[in-house]
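I have placed the structure first, in the form of structure tokens, so that the comments after it can refer back to it.
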Amino acid sequence: METISTFAKKLWCVKKQLILVLTPLILLPLIFGLPEKEGKCLYVVLLMAVFWCTEALPLAVTAMLPVCLFPTMGILPSKKVCPQYFLDTNFLFLSGLVMASAIEEWGLHRRIALKVLKIVGVKPAWLILGMMNTSAFLSMWLSNTATTAMMLPIANAILESLFGDLATLKENCKVKEETEGELTDGMVRSNGRTAQEIRTESEYQMKVWKGFLICIPYAASIGGTATLTGTAPNLILIGQLKSYFPECDLINFGSWFAFAFPLMVLFLILAWLWISFLYGGLNTRLCVKKQDERAQAEKKAEAVIDEDYRKLGPINFAEGSIAFFFILFAVLLFTRDPKFVTGWSTFFNKGYVSDATTGVIIVSILFFFPSQKPSLSWWFDSRASNTPYVPLLSWKKAQECVPWNIILLLGGGFAMAKGCEESGLAAWIGAYLQPIAQVPPAVAVMFITAFLACFTEFASNTATIIIFLPVIAELAMFVKVNPLYFMIPATTGCSFAFMLPVSTPPNSIAFASGHLLVKDMVKTGFVMNILGILSVSLAMNTWGRAMFSLETYPDWARPVNMSSTLYNKSCRT
């Protein structure tokens with residue numbers, strides 16, 4: 001028995017190496033048992049899917065496999081694979097990341113966070129709302145991981161001022177009626193409270209503490225869905241739309257925001273109500289002022305927020321400059337081609353200027369715009385110090401802060417989608433999903449969102465959308481439904497990973513604090529997933545239907561390449 005246990009431990013130590021060796025061998029029958037191109041492409045897709053889900057190789061390394069496997073296996077020539085890694089969508093994402101690194105460099109995000117908390121007040125439910133609003137807003141522009149990492153220390157400082165030391169709080173939760181210096185009939189302690197009252201209050205405070213910690217990563221995941229640059233799956237959608245449906249120009253930064261921002265607000269409100277209800281933040285104290293110990297603690301928390309904000313001092317030239325360029329960045333992206341009015345892109349050759357062009361123009365300015373207010377008197381003052389010129393952002397800082405592996409991951413997704421499209425694999429898989437054609441489209445939307453929300457609990461949201469979006473596009477063509485009607489819910493559903501600590505990096509960061517249990521996340525996240533599915537379904541069948549004309553099957557969705565076999569068969573039947 002001991003020998004078996006030792007052997008099992010050794011196998012576990014080399015599990016990644018075993019996956020790397022065995023997976024290609026186990027999948028080999030696909031190449032010989034299926035149509036030639038479809039079988040080879042499915043082999044590569046499943047190989048990458050296994051490596052992504054198990055992280056047997058780093059995610060970025062797995063993303064580069066199409067560069068070597070697609071050409072050598074005769075699926076796609078190298079000159080078609082490599083450009084997928086630097087589409088304009090990748091540059092839009094890169095510009096968003098660079099802007100985020102500049103915001104972090106000068107601390108503008110912390111000023112925004114503390115200002116919001118000053119506005120909402122210090123009652124637990126309002127503070128949870130403030131935390132969620134701030135996390136969601138920052139996550140629209142920063143990565144959800146960076147947002148969570150920045151917000152959690154602020155939350156902990158506020159919680160300590162509200163409830164005191166966490167270790168003491170945990171001890172008070174274990175207080176029994178019979179303790180030293182206390183009578184068994186429930187007589188009071190020296191502070192005027194019975195042991196039962198102390199334990200009850202401490203348990204309430206622990207619940208609120210958990211609510212604070214759990215709301216931040218959830219709000220960061222929700223906030224990322226509101227902008228194209230907020231999370232990678234949104235950009236995967238744009239890239240694959242351009243590949244599958246080149247004539248579809250309905251989705252850009254402005255139109256996506258017009259659709260996704262109201263959805264984010266709706267989901268955020270529902271999430272706040274659920275988390276506040278579950279963790280004790282919703283009570284009469286929201287509307288009624290009481291002078292008690294909680295009120296005193298709330299005053300302390302308010303003082304902590306005020307002091308932290310005061311320490312930031314007045315907004316300096318660098319912060320003001322970053323805020324200006326950040327607003328300009330957002331406004332130019334919104335107004336390039338908003339669809340409902342004429343955008344500024346009409347001043348240029350049609351189809352030449354994209355969101356990527358806008359983003360790169362703005363972030364390029366950050367590398368030479370001064371971080372100190374220029375002074376004409378400096379040129380004429382011989383006694384003025386010759387301090388070195390410091391721009392708002394240095395390339396060294398950008399290199400350190402930008403997660404280049406995500407750029408490669410996006411490129412790998414686009415390359416995989418291109419292979420699935422040109423090999424006909426997506427159409428071949430879609431043929432096996434024909435039973436869904438009998439399901440009403442509105443029900444299919446809920447099913448697709450729920451399935452991907454569950455799948456992304458165990459795999460990265462980027463890998464999940466890369467694997468499934470081509471199949472969903474082919475399915476939409478088969479059932480003659482506007483592809484956006486299926487593809488948009490699939491994309492947003494990939495960001496709804498709330499149930500497990502390993503589902504997203506923000507979940508992992510919050511769980512690593514040691515104050516949350518897996519059962520806390522499962523219990524909260526299960527209802528969060530349901531609320532998310534219902535919110536997406538409502539959005540798609542109301543304002544989404546009107547914005548994108550989802551009730552009609554558009555001309556741009558009629559395929560013109562060989563991957564349209566499934567659609568063509570459906571037209572003949």
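From the backbone N, Cα and C atoms, a Cβ is placed for every residue, glycine too.
A TrEMBL annotation is a machine prediction, not a hand-curated record.
Residues or ranges marked as transmembrane segment in TrEMBL: 17-34 (among others). Within the same chain, residues 11, 40, 42-43, 46-47, 50-51, 54, 56-57, 428 sit at least 6 positions outside the transmembrane segment (17-34) and bring their C-beta atoms closer than 8 Å to a C-beta of that stretch.
If you look up TrEMBL, you'll see 41-65 (among others) marked as transmembrane segment. Sequence-distant neighbours of the transmembrane segment (41-65) (same chain, 6+ residues past either end, Cβ-Cβ under 8 Å): 15-17, 19-20, 23-24, 27-28, 30-31, 34, 73, 75, 404-406, 408-409, 411-413, 415-416, 419-420, 423, 425, 428-429, 458-460, 462-463, 467.
Outside the transmembrane segment (85-103) by six or more residues, the chain places 67, 109, 141-143, 146, 227-230, 232, 235, 238-239, 242, 253, 322, 325-326, 329, 354-360, 362-363, 366, 392-393, 397-398, 400-403, 406-408, 410-412, 414-415 with a CB less than 8 A from a CB of the stretch. Among the features that TrEMBL reports, transmembrane segment is placed at 85-103 (among others).
The annotation transmembrane segment is assigned in TrEMBL to 124-142 (among others).
Sequence-remote contacts of a segment are chain residues at least 6 beyond its ends whose Cβ falls under 8 Å from one of its Cβ atoms, and for the transmembrane segment (211-238) they are 89-90, 92-93, 95-97, 124, 127-128, 131-133, 135-141, 143-145, 147-148, 151-152, 155, 158-159, 251-253, 256-257, 260-261, 263-264, 267-268, 271-272, 275-276, 278-281, 355, 359, 406, 409-410, 413-414, 417, 461-462, 464-466, 469, 487-488, 491-492, 494-498, 504, 506-507, 509-510, 513, 515-516, 520-521, 524-525, 528, 532. Annotated transmembrane segment per TrEMBL: 211-238 (among others), in sequence order.
Under 8 Å from some Cβ of the transmembrane segment (250-275) lie the Cβ atoms of residues 92, 125, 128-129, 132-133, 136, 211, 214-215, 218-219, 222-223, 225-229, 234, 237-238, 241, 281-282, 333-339, 343, 355, 484, 488, 492, 524, 527-528, 531-532, 535-536, 538-539, 543-544, 547-548, all in the same chain and six or more residues away from its ends. Sequence annotations record features per position, and here TrEMBL assigns transmembrane segment to 250-275 (among others).
What TrEMBL records for 315-335 (among others) is transmembrane segment.
What TrEMBL lists as transmembrane segment is 347-369 (among others).
Outside the transmembrane segment (442-472), and at least 6 residues removed from its termini, the chain residues within Cβ reach (under 8 Å) are 45, 48-49, 52-53, 59, 231-233, 236-237, 240, 244, 406, 409-410, 412-413, 416-417, 420-421, 425-426, 429-430, 433, 436, 479, 481, 483, 485-487, 489-497, 499-500, 502-504, 529, 532-533, 536-537, 540-541. Among the features that TrEMBL reports, transmembrane segment is placed at 442-472 (among others).
The feature transmembrane segment is assigned by TrEMBL to 524-543 (among others).
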Apart from its near flanks, which chain residues at least 6 from the ends of the transmembrane segment (315-335) lie with a Cβ under 8 angstroms of it?
95, 99, 102-103, 106-108, 111, 141, 253-254, 257, 343-344, 355, 358-359, 362-363, 365-366, 369, 371-373, 392
